[in-house]
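Feature list (source: Swiss-Prot):
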- 1-21: transmembrane segment (TRANSMEM)
- 25-45: transmembrane segment (TRANSMEM)
- 59-79: transmembrane segment (TRANSMEM)
- 96-116: transmembrane segment (TRANSMEM)
- 122-142: transmembrane segment (TRANSMEM)
- 145-165: transmembrane segment (TRANSMEM)
- 178-198: transmembrane segment (TRANSMEM)
- 201-221: transmembrane segment (TRANSMEM)
- 237-257: transmembrane segment (TRANSMEM)
- 276-296: transmembrane segment (TRANSMEM)
- 326-346: transmembrane segment (TRANSMEM)
Amino acid sequence: MNPLIFTTIVLTIIMGTMIVMTSSHWLTVWIGFEMNMLAVIPILMKNYNPRSMEASTKYFLTQATASMLLMLAIIINLLYSGQWSITKPLNQTASIIMTLAMAMKLGLSPFHFWVPEVTQGIQLSSGLILLTWQKLAPMSILYQIFPTINLNLMLLMSVLSVAIGGWGGLNQTQLRKIMAYSSIAHMGWMTAIMAYNPTMTLLNLVIYILLTTTTFMMFMLNSSTTTLSLSHTWNKAPLLTMTILTIMLSMGGLPPLSGFLPKWMIIQEMVKNDNIITPTIMAVTALLNLYFYMRLTYSTSLTMFPSTNNMKMKWQLNNTKSTAHVSPLIILSTLALPLSPILMLLE
């Protein structure tokens, strides 16, 4: 892709998200979403092949449907209140439709079907953008409308997302699909706490982006897309193998790693609000996530697949890819739990 065109597209993606996050008018929110969606499609099609075209088409159709629902919610709210302002409380019907639109954009269950398919059809770098940056705009809208969100609807979608995120990843060998199902589960945790404590949702979002970015960086360093290709990491970089092991367990939410922190705080907050059944179900289904991450860890780091003698010598070759940015990401994505007393003061 031409560097000038690529820079323009990236700036448009950033601008679209910023317009959504800073706007106080519903029409400009919709415009921001459209800018973001139309600019991200060329990024998804960067590696031009039938698979990426299919993924881009699925993404476009899903996001266009969500934008249509968003506009419907805005018009219904305008009819009832006569207001375009985002700061005014939403009408109940408009709030439900808007919640469904944002759930579709985030990939929450039962609108999750596009996430694994789209992520599998694109490059790792495009998948990183899709599963991190593209979550910011819908999450900021949910954050702003949280006082009018229907609690039962949100909790139902959250529990379903955590369950499907766990079940879906169990039989996968493709790393991008595993990350997609993990993203669905993480979105479920974030939206579950939205109606109780939206600040905690932001904390969870930051940790999720940190963990996902680090994991994708590791995959990109090794050019790994399947469990088998990841299992050959020990040939190229033995130290990196140990790091991947730790990050995988952190993604699964195993204490005392960083990934455990948001789950712990969310369960604690929901119990404080006399909601015990929901966090119990979510904690049990989250074990499915931990299981497939532990299985991935086992096959990557604790077993040695049959390989030729030439394969065993790969560690002697110099790695031409820069790894300077990976070290701080690894530290933050594994060792952030001691920050929990400070973070609990932010509630």
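Backbone N, Cα and C atoms are what each Cβ position is placed from, and that goes for glycine too.
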Worksheet item: Going through 1-21, 178-198, 201-221, 237-257, 276-296 one by one, which has the most CB pairs that fall under 8 Å from the transmembrane segment (122-142)?
Response: 201-221
Worksheet item: Under an 8 Å Cβ to Cβ limit, what residues of the same chain, 6 or more beyond the ends of the transmembrane segment (276-296), are close to it?
Response: 155, 158-159, 162-163, 165-167, 169-170, 172, 178, 182, 185, 188-189, 192, 227, 230, 248-249, 251-254, 263, 266-267, 270
Fill in: Same-chain residues near the transmembrane segment (25-45), Cβ under 8 Å, at least 6 residues beyond its ends
1, 5, 9-10, 12-13, 15-19, 52-53, 55-56, 59-60, 63-64, 67, 70-71, 74, 77-78, 84-86, 105, 118, 121-122, 126, 129-130, 134, 137, 141
